[in-house]
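**Q** Straight from Swiss-Prot, here's the annotation block:
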type	residues	note
BINDING	Asp21, Asp23, Asp25, Ser27, Glu32	Ca(2+) 1 binding site
BINDING	Asp57, Asp59, Asn61, Asn63, Glu68	Ca(2+) 2 binding site
BINDING	Asp94, Asp96, Asn98, Glu105	Ca(2+) 3 binding site
BINDING	Asp130, Asp132, Asp134, Gln136, Glu141	Ca(2+) 4 binding site
DOMAIN	44-79	domain 'EF-hand 2'
DOMAIN	117-152	domain 'EF-hand 4'
LIPID	Cys184	S-farnesyl cysteine
MOD_RES	Cys184	cysteine methyl ester
REGION	153-187	region 'Disordered'
Amino acid sequence: MADQLSEEQIVEFREAFSLFDKDGDGSITTKELGTVMRSLGQNPTEAELQDMISEVDADSNGNIEFKEFLGLMARKLRDKDSEEELKEAFRVFDKDQNGFISAAELRHVMANIGERLTDEEVGEMISEADVDGDGQINYEEFVKCMMAKKRRKRIEEKREHDGGSRTKSAGPSAAPASKRGQKCVIL
């Protein structure tokens with residue numbers, strides 16, 4: 001994945017990484033990860049940082065090597081690139097273009113892709129993503145839902161690849177997926 005980065009990006013990331021690699025051993029602590037990323041213009045939440053650490057700190061030693069960091073940054077930039085895709089997906093669901101996905105719009109789109117849903121299933125899907133409780137999904141809620149789903153999928157893929165021997169760290173992402181948007185909607 002780091003092979004998707006330009007030489008210029010790698011140099012920039014190395015410089016930022018090196019600032020926090022106090023002893024020059026090629027690794028930073030997981031606690032420093034957020035600071036390094038913010039110095040590069042990223043603004044990860046604590047939950048995102050925990051998910052990222054779960055992805056790369058395979059030996060749970062609290063250190064992240066530069067190669068692992070490059071992989072994280074490449075994924076973060078790729079996620080940023082997919083913002084246009086998310087906007088387009090939201091427009092597909094938001095049939096009346098009012099900035100919200102209603103239960104009726106969700107049911108309509110899901111039916112068009114061959115997913116017949118009961119009223120209860122539609123209600124569950126809406127409530128999973130509906131942070132403000134207004135009964136609809138706005139764009140911000142849609143993006144959070146989709147990005148969280150992507151992160152969970154990457155973590156699950158890594159676990160399967162690693163043999164599933166690790167458990168999730170404590171924090172928001174430690175809740176069972178079924179309680180944290182597993183049905184989160186949509187794609």
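Each Cβ is built from the backbone N, Cα and C atoms, and glycine gets one as well.
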**Q** When secondary structure is assigned with DSSP, how many helix, strand and coil residues does the domain 'EF-hand 4' (117-152) contain?
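**A** The breakdown for the domain 'EF-hand 4' (117-152) reads 25 helix, 2 strand, 9 coil.
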**Q** Can you tell me the CA-to-CA distance separating Glu32 (Ca(2+) 1 binding site) and Asp57 (Ca(2+) 2 binding site), as a whole number of Å?
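**A** Cα-Cα, rounded: 13 Å.
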**Q** Whole-number Å only: compute the distance from the Cα of Asp59 (Ca(2+) 2 binding site) to the Cα of Asp23 (Ca(2+) 1 binding site).
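**A** With the alpha carbons as reference points, the distance is 20 Å.
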**Q** Quick check: with Asp21, Asp23, Asp25, Ser27, Glu32 left out, which same-chain residues have Cβ atoms within 8 Å of the centroid of the Ca(2+) 1 site Cβ atoms?
**A** Phe20, Lys22, Gly24, Gly26, Ile28, Thr29, Asn63
**Q** Of the binding-site residues listed here (Asp57, Asn61, Glu141), which is spatially closest to Glu105 (Ca(2+) 3 binding site) when Cα positions are compared?
**A** Glu141
**Q** So among Asp21, Ser27, Asp94, Asp96, Asp134, all listed as binding-site residues, which is physically nearest to Glu68 (Ca(2+) 2 binding site)? Use the C-alpha atoms.
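**A** Closest by Cα distance to Glu68 (Ca(2+) 2 binding site) among the binding-site residues Asp21, Ser27, Asp94, Asp96, Asp134: Ser27.
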